[in-house]
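Chemist: According to Swiss-Prot, the record shows the following:
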TRANSMEM  7-27  transmembrane segment
TRANSMEM  37-57  transmembrane segment
TRANSMEM  66-86  transmembrane segment
TRANSMEM  91-111  transmembrane segment
TRANSMEM  117-137  transmembrane segment
TRANSMEM  174-194  transmembrane segment
TRANSMEM  202-222  transmembrane segment
TRANSMEM  242-262  transmembrane segment
Amino acid sequence: MNIKKLILPAAAALGGVVIPVLIYMFFNYGKPELIKGWAIPIATDTAFVLGILSFFSRHISLELRAFIIGFSLIDDAFALIILALFYAKTINTLALLISSIIIFILFILNYRQVKQLFYYIIVGLLLCISMVKSGIHDTLCRAIIALFIPVNIKGEFNTSFKKLENLIRPFVNYFILPLFVFMNSGILLEYFAFKGICSNSILALIYGIIFGLSVGKQLGIMLFSYPFVKFKLCNLPSDTSWLKFYSIAILRGIGFTLSLFIGSNV
């Protein structure tokens, strides 16, 4: 693994977590009932970012696409780990220990290059059960399983799967995702009565989330990425200017459904 290529997405993801949290806390400082929602603006909705980028696929190099996916994985991992560590109601130590053992088994399967999906499905189901019993949200479990499933499975199944993926991708990007947003936003319109929306608490919450995502994400990504590139600890993706990199940073502020998901678990 090329460590230099890992540094940039890791630094960008860290900045995309730290600065939004600080901005949210700035607006909600001194409000105990709202400050606990500090994790809401840290998450990026990767599916929507990739959907938007599909319109500009000709202008995105393979290296930049790899950076975006790498950033997304690390960013989502931060969000899920924070959710698991800070928002779990109760922790069952024994179940957590069993989960750790099962994760190690997944690692062994991947390390030994076991390509039969059947084993990953069985072990993954056991991991989901143990993780739910431990008190940690099962979303983290699915992310862990996906991390260990090999991507280089060869044969007829893989070829058919790729064809199906290419067939349904436009339908998912341009129809399913917008419909999903509309149907799952969880926003009650009566909350937008004039008196309610103008209360100090609601405004602080709204400002914290909106500025955390729209300003904090891009600011954090740029502030944490620039020094590493400047001191040659890593490089920008090929055929990528700082302006293009900044445009990607702006898109990382799309945190709709994942932010709602975290908010519902706060």
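Heads up, the Cβ atoms here are built off N, Cα and C, so glycines get one too.
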Chemist: Between the stretches 66-86, 117-137, 202-222, which one has more Cβ pairs under 8 Å with the transmembrane segment (7-27) than any other?
Modeler: 202-222
Chemist: Taking a Cβ cut-off under 8 Å, which residues six or more beyond the ends of the transmembrane segment (202-222) line up next to it in the same chain?
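Modeler: Residues 12, 14-28, 31, 34, 37, 40-42, 44, 191, 196, 245-246, 249-250, 252-255, 259.
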Chemist: Taking a Cβ cut-off under 8 Å, which residues six or more beyond the ends of the transmembrane segment (117-137) line up next to it in the same chain?
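Modeler: Distant contacts of the transmembrane segment (117-137): 80, 83-84, 87-92, 95-96, 98-99, 102-103, 105-106, 109, 144-145, 148-149, 153, 157, 265.
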